[in-house]
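Features reported for this protein in Swiss-Prot:
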ACT_SITE  Asp80  active site, proton acceptor
SITE      Arg17  site 'Important for substrate specificity'
SITE      Thr81  site 'Important for substrate specificity'
SITE      Gln162  site 'Important for substrate specificity'
Amino acid sequence: MQPEYRPHIYLASNSPRRRELLDRIGVHYAWMDPGVDEVLGEDESPEVFVLRIALEKARAGYRSLQEDPERELLPVMGADTVVVLDNELLGKPRGREHGLEMLQSLSGTTHRVLTGVALVDDREATRLSVSHVTFRELERAEIERYWATGEPQDKAGGYAIQGRAAVFVEHLEGSYSGVMGLPLFEAAQLLDEFEIDYQRHW
């Protein structure tokens, strides 16, 4: 008989990639909509921004649990990812032309991918993952073909490293899972810090 699936945490994210990554390491979780506006503050660095948004998502999720007696009060994980090129923060493309421009700007360059992850209950803890990704030179035609697949449209920086854009990546230094949207090493550190024994289901 299969053991009962009981969540260790809530994941405050609508991202299927983050859910897939937690599944990979055996974390039992329930997910919720974070409902947080991702607006860069004036003079806010990308590092501070991703940690703040990750923490705001986790805090908002935990507050919603406190207000809902029907749901079990568990720690809430939040995460946020941004792509940074020449100190410019690249979020999700606003449309086709913006997405094509974004991908063209990444062609033949090295950019940073920052992912902040937070875990909140009556405690709060955060971690930051910083990765460097180098794209080969991209042809305009392949950028347009890639956009037409629909894959880039909801991704920070306009690409998914685990998808078709894998063929653009010449070099990666850092966390592959962090570039996907949830750095598993840092996420596991937070789970360990909160004494959540996710490995018991391995």
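Placed from the backbone N, Cα and C atoms, the Cβ positions cover glycine too.
Note that this is a predicted model, so its numbers are computed, not measured.
Annotated features taken from Swiss-Prot, shown on the structure.
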| residue | record | Cβ contacts under 8 Å, 6 or more apart |
| --- | --- | --- |
| Arg17 | site 'Important for substrate specificity' | Ala160, Gln162, Met180, Gly181, Leu182 |
| Asp80 | active site, proton acceptor | Glu38, Phe49, Val50, Ile53, Ala54, Lys57, Thr115, Gly116 |
| Thr81 | site 'Important for substrate specificity' | Val50, Val113, Leu114, Thr115, Gly116, Ala156, Gly178, Val179, Gly181 |
Three-state secondary structure, Arg17 (site 'Important for substrate specificity') (per DSSP): helix
C-beta crowding around Gln162 (site 'Important for substrate specificity'), within 10 angstroms: 16
